[in-house]
Amino acid sequence: MGSGSQQKSEKLRSKPPFSEMENFHAQYEMLGTIGHGGSTKVKLARHRLTGTHVAVKMIPKREYWCKPLMSEAELLMMADHPNIISLLQVIETKKKVYLIMELCEGKSLYQHIRNAGYLQEDEARALFKQLLSAINYCRNQGIVHRDLKPDNIMVEKDGRVKIIDFGLGIQVKPGQKLNLFCGTYPFSAPEVLLSRPYDGPKIDVWTLGVVLYFMVTGKIPFDAASIEKLRKQIVAGKYSVPCRLSVKLHHLITLLMTDNPELRPTVAEVMMHPWVTKGSGVFPDPCEEQIPLKPDPAIVKAMGHIGFQAQDIEDSLRQRKFNETMASYCLLKKQLLKECDRPIRAQPMNPSVTPFPSLVDTPTFHLGLRRRETEPTSLRLSANRQMSVCGRSTSKKRDRSFSWPGVLSRPINITPTMDQTHTCTRSVPCINSNFCIIHPNSSDESTEGHTSASAEDKPVRSRGWPRGIKGWTSKIGNAMRKLCCCIPSNETSHLGQRRVSPKK
């Protein structure tokens, strides 16, 4: 891990947690649930200003939760890679923390493989190289995911891979050993199942091997009717490889799933393997900015018409504040890029809709969507602020389970078929007596999500916003579209009409 990221991590811990409350519903409209993860939920929401769909992870704040060294939000704040899900904004209320993230328009790798049966080596290579690039970036940042699996890997329509759900992630120093045992059983490395201190990056390498095996065979390498048999298989490293696989691929899988972590290669070494570099050794550019440090003047001008200040936009991006301004800029930029990539075609005009104003038509912007000076702005959460949040990804439905004393709990029904394995292989949160005190009256809070919404979660009108917010949403959408020369001025937006896949 570089000194820069270490200093950034120290800043994250040194700052006090943010204290201001901000109403989530003033900025986002809830559309439905797209994923569950134990106590957390992932919601589909619409950004009111831009009309763009986003994914919102809702994390309850509970006193008896495990308190990890770094929260999922802090890890995502550190990450800026094209193959890692982008965090846009963080909003905290008295009971919950909202992580607003980009929405992947595609399928999980599990569903992608389920539909295809298995992938040919060329397609598997293209996806796997993106995974390697992302995990190598994480290694350089000192981040360990600890729960890589097909459910936590999204494949977008253009073939781009996105790693999601860093709920079990952690930041480590070079050579640091970990003792908290967590993850998904069939994807766990032998040293984890043996309850030994382990090297974080090496368990991600093992899991990459299991994921690659799944991609090219359509099944996981280890299957058994009981946890004990499954554990023995993984510890012994016993699995079969179809003879149709190439020699180089067979060799790579064997390297990745080396039972001795000392002999297991690093991600950088895997990236140099002949099977990986076949055809083209080009990897996704880790320097490709997902969140730009310098704003586009045209977007700044458009945002200025609706009340945003240019200096505030620049500061929010440069300091990565993850506030309303930063989220609005990133979503507007994404919307603009999407419109520019769309083929030019005439669209029928709706006679009942007033034509959108353009940026050059300045008189039409004098009633822009401006905020009052007294209105609380987005939470000023910069990349050096701390959150005491512990997001975890577990199953929506729980099977009978057994517990490792003081360590972790895992499902007991592990069966050979892919569907049943997918149902039973769920993530397990870190449970350690040193970090977690179980509240005896947790049942009341566990049912909180099934009762009526609390007052703070009910939609309220945004203060300082004029009536007709839908009209202004359309205005800013068209204003951004005017910035792209390849889009006709009379084209209507189709944002939100694409089918999206849930993320866990």
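The backbone N, Cα and C atoms fix where each Cβ goes, and this holds for glycine too.
From a predicted model like this one, the values you see are computed outputs, not experimental measurements.
Taken from Swiss-Prot as is:
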- 28-276: domain 'Protein kinase' (DOMAIN)
- ILE34, GLY35, HIS36, GLY37, GLY38, SER39, THR40, LYS41, VAL42, LYS57: ATP binding site (BINDING)
- ASP147: active site, proton acceptor (ACT_SITE)
- 294-334: domain 'UBA' (DOMAIN)
- 376-403: region 'Disordered' (REGION)
- 376-393: compositional bias 'Polar residues' (COMPBIAS)
- 443-469: region 'Disordered' (REGION)
- 443-454: compositional bias 'Polar residues' (COMPBIAS)
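ILE34 (ATP binding site) sits 19 Å from the residue listed as 'active site, proton acceptor', taking the Cα positions as reference. A mean pLDDT of 90 is what the model gives for the domain 'UBA' (294-334).
Recorded residues THR40 (ATP binding site) and the residue listed as 'active site, proton acceptor' have their alpha carbons 16 Å apart, per Cα-Cα distance.
Taking DSSP states H, G and I as helix and E and B as strand, the domain 'UBA' (294-334) has 28 helix, 0 strand, 13 coil. Geometry remark: the residue listed as 'active site, proton acceptor' versus VAL42 (ATP binding site), CA distance 17 Å. Cβ packing within 10 Å was compared across the binding-site residues ILE34, VAL42, and the lowest neighbour count falls to ILE34. Summary: among the recorded positions (HIS36, THR40, ASP147), the fewest other C-beta atoms within 10 A of the C-beta are counted at HIS36.
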